[in-house]
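J.: Have a look at this one.
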Amino acid sequence: MPAGLYRALLTVAGAAVAIVLAVAISSVAISVAGASPEAAFAALFNFGESERAVVNGITSMINRSVPLFIAGLAVAVGFRMNLFNIGVEGQYRIAALCAAFVGAQFSLPAPIQILLIIVVAAAVGGLYALIPAVMKVTRGVNEVISTIMLNYIAIQLAAFLVRGPFTGERAKGQLTTSTPTLPESAWFPNLNGLFEMFGLPAPRGGGLWGFLAVAVLLGVAVWVLLERTKFGFEVKASGLNPMAALAAGVKPKKMVIAAMVLSGAIAGLIGLPEILGDKHNFGSNFTPGLGFLGIAVALLGRNRPAGIAVAALLFGFLDRAQGPLQFANVPPSVIAIMQGAIVLLVVVANEITSRMALRREERRAARQLGRHTPVEVAA
Amino acid sequence: MLGKRFGRMAVGTVAGAMLMAAAACGGNSGGDSSASAQPSAGASSDAPKAGALKVGLAFDVGGRGDKSFNDAAYAGLEKAKAELGADIKDLSPASDGSNRGELLRQLADAGYNPIIGVGFAYGEDIKKTAEEYPDIQFAVVDSASNAPNVTGLQFAEEQGSYLAGVAAALKAKSGHVGFVGGVENDLIKKFEAGFVAGVKSVKKDAKIDVKYLTPDGDFSGFKAPDKGKVAAEKMYQDGADIVYHAAGDSGLGVFQAAAAAKKLAIGVDSDQRQTIKEADLQPVIMTSMLKRVDVGVFEFIKAFQGGAKGGSNTVYDLKVDGVGLATTGGEIDDIKDKLDAAKKDIVDGKITVPAKP
């Protein structure tokens, strides 16, 4: 069997075993919580009775996946060169706030308005990520610590700005605060036409977020950048072996700053699908936590855009079942257990399969060299 | 070699543990399947009743089990089931609150009508959903009506707080009391305004300390017991005898400070002397200002059954016992006459309680 095929089969088998185990662990958790696992898994796949309910379900699954996918990309760009940008959380929240506020200050033709908002979000996210990058290259501050600390600052700063300087008008009797509502030219057109093309009813709510298209383009762009450019090669080389990369003429400081800023700029876009597609402002009800979830999504997707897309869709699929699970009298917290179990087991499975593949490759190499004892692998 | 053997042992142990877990799971699921079969059987037997009352309710983050606000809403829902024969369903959102609107739509798609959102965070989502489903009636607790088919369920917190103020002023020998508000917004200011008016009605020259834990828009003040404790400690040290809190979970800190200072506190929303878990804190809770969310939810469902339509706010006040004081522990039994007199004056309109400080 060729080594490539063996490796691919191993990966698929590993993922399959991981998911079966995750299902088993979740079943135990569901049983302990006093519900029936069969009902829970039926609820996961129950998208509703009517066509409209099914369309709503699919839409909410994809709408959930879009920001998770962008978050996964942001984290993965750093991970590829062993930079742990835990600050995606803070970067996207401060960026979303600034973009929503700036976008509400003027009204231009829709394409320009939306493009400007995207640029502001990416710039703010990138600039905020520049802080830990500069601290790392000039003072050697570990980026894990500095980004975690900067998260707190960003979250508190955003909370202060949205109720203070950046706050918009409030309806009488409304207690939540938000930035001023964006002009209609900033509302990203939805993709409900996709459903109507197949003769299905349009989904309710904000509809299928048009930002999906931007996310797909972003995914392709990140893939090209990492896999098909000199910059991407240098990123990976720095991650795999910083000394070798240095010897080959890659400037490590420049790479840290570039990768961190790129990661932050992508992170800046995480909040935009929700703001441009549905809420049209940044307020008390803005979805938090996507930056941390992005770490899990990136891990699950093995830091590759296609893998991250699958992982984001899987998370979206599971998160969508919050309602249906409760209709089936299953506590919805089993979703979090399932997500955690899948991520952990897939990461473990990846490690095991890559070691198995490595061992086989070393045995093969040893045989070809004419030695009959397998080389001991350093674990 | 040793490493390999260790690895095998580890795998064996893990596999064994998993087998045992699986066996336990099998036993459990066998026992549970009968229990979980019951609700679904009940649901299917309800289904054929065409036009039956189906009430959906969506909680905010934190949802059921808070022994206060949300559980009170659920009590109202259960009462509707018992007394009106309603088919009920309650949903809680994801921990990040990202799917509030989705839950409302899922309830609407499943044929629930009316649908109730518990908590002001539902204001905007209810508005959007109500516009999408104009044939369904919605209600939102603690927020104002913002669409023709939305009823705002609001409470005259200032009236209940007025009674709390009267009780505090009668009981505080030093003539010095305090108020701890969770978040300085219009809702919590109603509590302060009523409390201050109540205290002053008994003792014109009473000293009232007022402290808000966080500014408007920062809702962390509702879940910061540490801040509540610091604020209340200061008031007790300055000589306050009784501190009234309207600070959600932060009230726990107020009770702790009261226990440490051997003084008294007044709870909020539910009868906290009954619901608080810490037994040693129960005696410090002299009374609680009850906000009968259960009454609001039940009355709304009943009114819906009677054909009521939304588009306006319903205020639950002293007249309908939408607010009031808890008597658990009997600490305010001796001043019952005066409290009843104050209540009667408010109900009769002799006293108008200010809603703004």
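Positions of Cβ are set from backbone N, Cα and C atoms, glycine also.
According to TrEMBL, the transmembrane segment annotation covers A:66-83, A:114-131, A:143-162, A:207-226, A:256-276, A:334-353.
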J.: Determine whether the transmembrane segment (A:207-226) and the transmembrane segment (A:256-276) share at least three Cβ pairs under 8 Å, counting only pairs 6 or more apart in sequence.
T.: yes
J.: Name the range, of those listed as A:114-131, A:143-162, A:256-276, A:334-353, that has the largest tally of Cβ pairs under 8 Å with the transmembrane segment (A:66-83).
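T.: Per the Cβ count, the answer is A:256-276.
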J.: For the transmembrane segment (A:143-162), which recorded stretch in the set A:114-131, A:256-276, A:334-353 gives the largest number of Cβ pairs separated by under 8 Å?
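T.: Answer, by Cβ pair count: A:114-131.
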